[in-house]
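**Q** TrEMBL feature annotations, pasted as is:
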- A:6-27: transmembrane segment (TRANSMEM)
- A:80-100: transmembrane segment (TRANSMEM)
- A:121-139: transmembrane segment (TRANSMEM)
- A:159-177: transmembrane segment (TRANSMEM)
- A:189-209: transmembrane segment (TRANSMEM)
- A:247-269: transmembrane segment (TRANSMEM)
- A:281-306: transmembrane segment (TRANSMEM)
- A:340-366: transmembrane segment (TRANSMEM)
- A:387-407: transmembrane segment (TRANSMEM)
- A:413-434: transmembrane segment (TRANSMEM)
- A:446-467: transmembrane segment (TRANSMEM)
Amino acid sequence: MKGDHQTLALLLFSAFIAVTLFITTWVGRNRQGSAEEFYAGGRLFSPMENGFAIAGDYMSAASFLGISGLIALFGYDGMLYSVGFLVAWLVVLLLVAELVRNCGRFTLADVVAARMAERPVRTAVGTSSVTVSVLYLVAQMVGAGSLVALLLGGTSDAARSWTVVGVGALMVIYVSFGGMRATTWIQIVKAVLLMAGAVALTVLVLVHFHGNVNNLLNAAAERSGHGKDFLAPGLRYGGDWTSRFDFISLGVALVLGTAGLPHILSRFYTVPTARAARRSVVWSIGLIGSFYLMTIVLGFGAAALVGSAEVRASNAAGNTAIPLLALDLGGGEGSTGGTILFAVVAAIAFATILAVVAGITLASSASVAHDLYASLRRPGRKKRSEVAVARTAAAGIGAVAIGLGLLAQDLNVAFLVGLAFAVAASANLPALLYSLFWRNFTTRGAVWAVYGGLIPAVVLVLVSPVVSGSPTSLFPGVDFQLFPLENPGLVSIPLGFLAGWIGTVISPEPPDEARHAEAEVRALTGAGAA
Amino acid sequence: MEKEAGPETAGVRLDDPWDDVPAPGRYDQDGTGGAATHDASGAAAPDPAPSAADIYLEVHRSAAFREVRRRYRRFVAPAALAFLLWYLAYVVAATTAPELMARPVAGAVNVAMVAGLGQFLTTFLLTWAYARHARLRRDRAALDLRWDTQEMTRGLGR
């Protein structure tokens, strides 16, 4: 039996890889390698296409498997993640999407550097963008390794390592040969597959309970072993005040971090106008919102049909809740339906990871080539084509991510994602919001805002219980823990905003009124937009 | 709104000393015969035409631009504040007041469920409201300004 769904899952994986490689070569034919084409896919995607691609970029395996798993194990507390991940999109829609589309060309640093001294600002924002992307990338790679090993039954270290290497190689191929256009189509295919899979499973769960959500919730509460407590907050984050503050910190980081994720912001450059950028965010909010609503049904469904104890026995973090639910809905272990559904879900999860890593790799190679290389290149040296640098950077980032992914195999995936969001919210968001909305913002303020958020976020994690001082930390033997929270957001986000404010106030140079006027006119009207 | 847009954007006028040399093709409606002669002599002068920076400053000061910005900010500032506070209240309540959140409402549904689904609902509603506001109240005026500004800065490599 075990062999059956492994074979089928492997077949489906291979089919997906074949389709994506076909997209990469087909899209890449007859295209000259301009920067416009490589970073922005020609800027002519429709809002609907971009909306699906944004949703594909955002809905990682961590949300598909992780959040439903958390709900299956801890009930309501898992749902808090779904809410945070969705509400974050209001920040993107209201404050960021249109203005970023109008002001920038390819990267986040374009927007911040528009009215500042180019070199220091590009270097700072480029550095923090690459940091965020690499953290996020490592999280996805680690998740891919353990997920595939788990689903295919082979939990050996070799299988995990080869998965990480394979995923890394594939993402470099997609990005280097296909650029933004191939990456976008892969995201769209993945988003459609993921939505279809989620809808199918949700319908099956609801049919099982004859459409009665009340029965579903009661059954989940009963099978969970926690009774009514399962449907209320507190099972996971209800303990002492440290864990409560930790959750508040995570919640704030989730909501503010999305608007600072480089791979999300670069998606707005693939549509022609700010209006199209807005409409793509509206599409993606519809898709992402309905997806997270379905993960709630699936999580409670897994608790009700599979049982929290069984889920925990299969994987302590709950990551296998949805595959187990699929097996059960299809008719149980050994049935044809169960085998097929299980394999399909496994293949969708795999497709999800591949698409997400491709998007992040592209964004970080853009940061390296367009921001770091362009501003750090020694003047006078022979100038190489930026796209060639970006392709090389994609390979380099792939190598780094494979290396870190192999080293960090035992790190908790949700923690890494939370950390990436915290860094994005502390370093990128203050610089971005200040430069869009604050007239007196200066170069020094921008540089301070980035480093003033980035450095505290990283340092606080190093002295947090994640790294040392607790039995579950990275180095359990030593104890240099000084900061009680696992997620630094609650402290580092205000520090980023504060540093940007102080840097601006004590700047020697006055704010440049003309360039502010130009930036604001361009942001709100789209005049002169790329 | 569309009615006001015309006169307002026409108010985007350059009042600095260089103004008597109009940007090419911009002030046709003024129809002063002098414009043509100035234009010819202007080409020879060292820096006759307004720079792009001057044009952006002028547009920035214009009533039409202020109106677009005012409409954007008057919607976004209160809306962003409201949804951030509502989300923060939800997270803080979920972590610090579990008894309140566990209070049953109907059947298995409790206050926490209602609040969580309420977050989804308000997100969808605000998305709809913002898109509608932008489409009806801002898009056309912003587009007019965009074309006018681009028309004025055309040919001024900066």
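Each Cβ is built from the backbone N, Cα and C atoms, and glycine gets one as well.
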**Q** Mind pulling out the one from A:6-27, A:121-139, A:247-269, A:340-366, A:413-434 with the most Cβ pairs under 8 angstroms to the transmembrane segment (A:159-177)?
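**A** It is A:340-366 that shares the most Cβ pairs under 8 Å with the transmembrane segment (A:159-177).
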**Q** Pairs 6 or more apart in sequence, C-beta under 8 angstroms, 3 or more of them: is that satisfied by the transmembrane segment (A:340-366) and the transmembrane segment (A:121-139)?
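**A** Counting Cβ pairs under 8 Å, at least 3, so yes.
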**Q** Counting Cβ pairs under 8 Å that are 6 or more apart in sequence, does the total for the transmembrane segment (A:121-139) and the transmembrane segment (A:387-407) reach three or more?
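**A** Contact between the transmembrane segment (A:121-139) and the transmembrane segment (A:387-407): present.
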